[in-house]
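Chemist: Per TrEMBL, the features are:
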type: ACT_SITE; residues: GLU421; note: active site
type: BINDING; residues: HIS420, HIS425, GLU478; note: Zn(2+) binding site
Amino acid sequence: MADTQYILPNDIGVSCLDCREAFRLLSPTERLYAHHLSRAAWYGGLAVLLQTSPEAPYIYALLSRLFRAQDPDQLRQHALAEGLTEEEYQEKLERVILGSKAAQQHPEEVRGLWQTCGELMFSLESRLRHLGLGKEGITTYFSGDCTMEDAKLAQDFLDSQNLSAYNTRLFKEVGQDGQPRYEVRLASVLGAEPALDSEMTSKLKSYTFRGSHFQVTRGDYAPILQKVVEHLEKAKAYAANSHQEQMLAQYIESFTQGSIEAHKRGSRFWIQDKGPIVESYIGFIESYRDPFGSRGEFEGFVAMVNKAMSAKFEWLVASAEQLLKELPWPPAFEKDKFLTPDFTSLDVLTFAGSGIPAGINIPNYDDLRQTEGFKNVSLGNVLAVSYTTQREKLTFLEEDDKDLYIRWKGPSFDVQVGLHELLGHGSGKLFVQDEKGAFNFDQDTVINPETGEQIQSWYRSGETWDSKFSTIASSYEECRAESVGLYLCLNPQVLEIFGFEGADAEDVIYVNWLNMVRAGLLALEFYTPETASWRQAHMQARFVILRVLLEAGEGLVTVTPTTGSDGRPDARVRLDRSKIRSVGKPALERFLRRLQVLKSTGDVAGGRALYEGYAAVTDAPPECFLTLRDTVLLRKESRKLIVQPNTRLEGSEVQLLEYEASAAGLIQSFSERFPEDGPELEEVLTQLATADARFWKGPSEAPSGQA
């Protein structure tokens, strides 16, 4: 049972992102702007392979080479002609690859790539099955011998030098004296070569910190970022205004020099670029997949405004200051001034990264969010394809709930995403003492509502939410935002904004809460008992909320093990809709206040005790969550694969290339993403991976035929 979560069926659902109408409405100049930003995002997204596992770049290079030589249908016909059956074609990857046209044309190289990644690709060895640090899992944000203690030491070092971890990786080697030596490597086009003086030049040197040797270098992902910069330069020529031009100039500076400060400056211009027709963001953004919670995965998106849904979000923004007063913490714990953000519904053209979210609240830089503001986006065409479920595949719900759930899940999720992003991530103040010793709150008058005493802790200069709360920061913040969404969806004004009144409004509330408690149960798929760890921030957050609502008692929520009609273990989630306001709301109110107070005051010990307590998965009755986890794995539905379009420049016109919703369409979209430089990118990725291979127990030699 333990391994089933790592085994996927061959018939996973595939959906297409539809942005045809939004793209059609763009002007020729807007299309060119979107095209070059998309190219920058797709090139940069290749860095994610180098941020995941030692074998990931080789897997990409192998599949890229395989499908450059033959499309899926040609490969299938070739395999059948070579003597494989239809079933073997689906199951026997090694035989398919080594018998392919690519292998016949370049036998040494293809065999070498397979030998490097084939075994690792399929390994179910416990450490290699999921992301983690040291013995807990695999990651290439850190060298293989780094421990959580190394990560903490490195974070303290970075804080001491006012360096962000977002665009770094950490490599540890033991010197001849037996002492560890740490390399903090910044992502940049420039490496060790002499360069014009910049804000980064003075940081690139050796340090001694708490008796340990640190060397700050740069040049990580250099050839990939060079491609990013080239297309950002081209996009500048089609920018709609000076904000976009200056934004792109700072991004170029950031990726060239390795400067997060330059990226922050670019983000300021991005925040000021209100209501653009083509929206985008790019950089080392989300820290979910760093086991320590500080390093950002490369991400880039390009999208176009959906005007109808954006009008509703604009109304929500206009109501935000009033709605913030409804949140259950004292005014001193809220930002001094609500900086009115952009909030738009977008149809995604391009989203390069390890996944596609339903909504985003960025930038993630605390200092900018507190003083400059932020933007919210809801990704409408992602919502349309990612969260649809067939009735027969709806697990863990009562039959009476299923039709209601299908009818209202989409609309309720629009409400939840809007509240989550704008008033969840957009709310709350961090208490900070700056480098001059000045506080951004009144020490004499501000009282902690949980203790009745004056504030005892805060963030000091150089400390951030991510650096202080590290491993729990992402999930804790997602939990706070999800809780705000549940809490405020009870407000009639909010529901009216989205067009719901009367019985419809009550159904939206019920399905929103029901969806959350069901999601809390489904989240168990992402818990690993062997290491007592969670592998996904949002899922951990939803489980915590389920625990809070179960703790509220009085029959508000029940999770009951059952036996399904097929004779196998099953479960039922029930939510008493008559008790949402009387029992559920007060429970969430208490929980939300504690979450915000601990976050505002930077109380790491208190925050960990609260959050990790609720996130603990045990077999204690009555729920017996460890046993229920086996049931969740038994009945899980695989997440859909999403096919994204490409853009192609033909003369001076940009064409939108769309693909069918199938595995073949997904493969074709990747094969046509880099039509001119596919072979070059394969070589770049394998060279970069090979150069650092010594830091992991994985591939230690370059594949045959690879430089």
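Each Cβ is built from the backbone N, Cα and C atoms, and glycine gets one as well.
A TrEMBL annotation is a machine prediction, not a hand-curated record.
Mind running through what each feature is packed against?
Modeler: Within 10 Å of the C-beta of GLU421 (active site) we count 28 further C-beta atoms, all protein chains included.
Around the Cβ of GLU478 (Zn(2+) binding site), the same chain contributes ALA537, HIS538, GLN540, ALA541, each under 8 angstroms and 6 or more positions distant in sequence.
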Chemist: Compute the centroid of the Cβ atoms of HIS420, HIS425, GLU478, then list the same-chain residues not in that set whose Cβ lies within 8 Å of it, in sequence order, for the Zn(2+) site.
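Modeler: Nearby residues not in the site list: GLY359, ASN361, GLU421, GLY424, GLU477, ARG480, ALA481, GLU482, VAL484, GLY485.
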Chemist: Just checking, which of HIS420, HIS425 (binding-site residues) has the fewest C-beta atoms within 10 Å of its C-beta?
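Modeler: Comparing Cβ neighbour counts within 10 Å for the binding-site residues HIS420, HIS425 gives HIS425.
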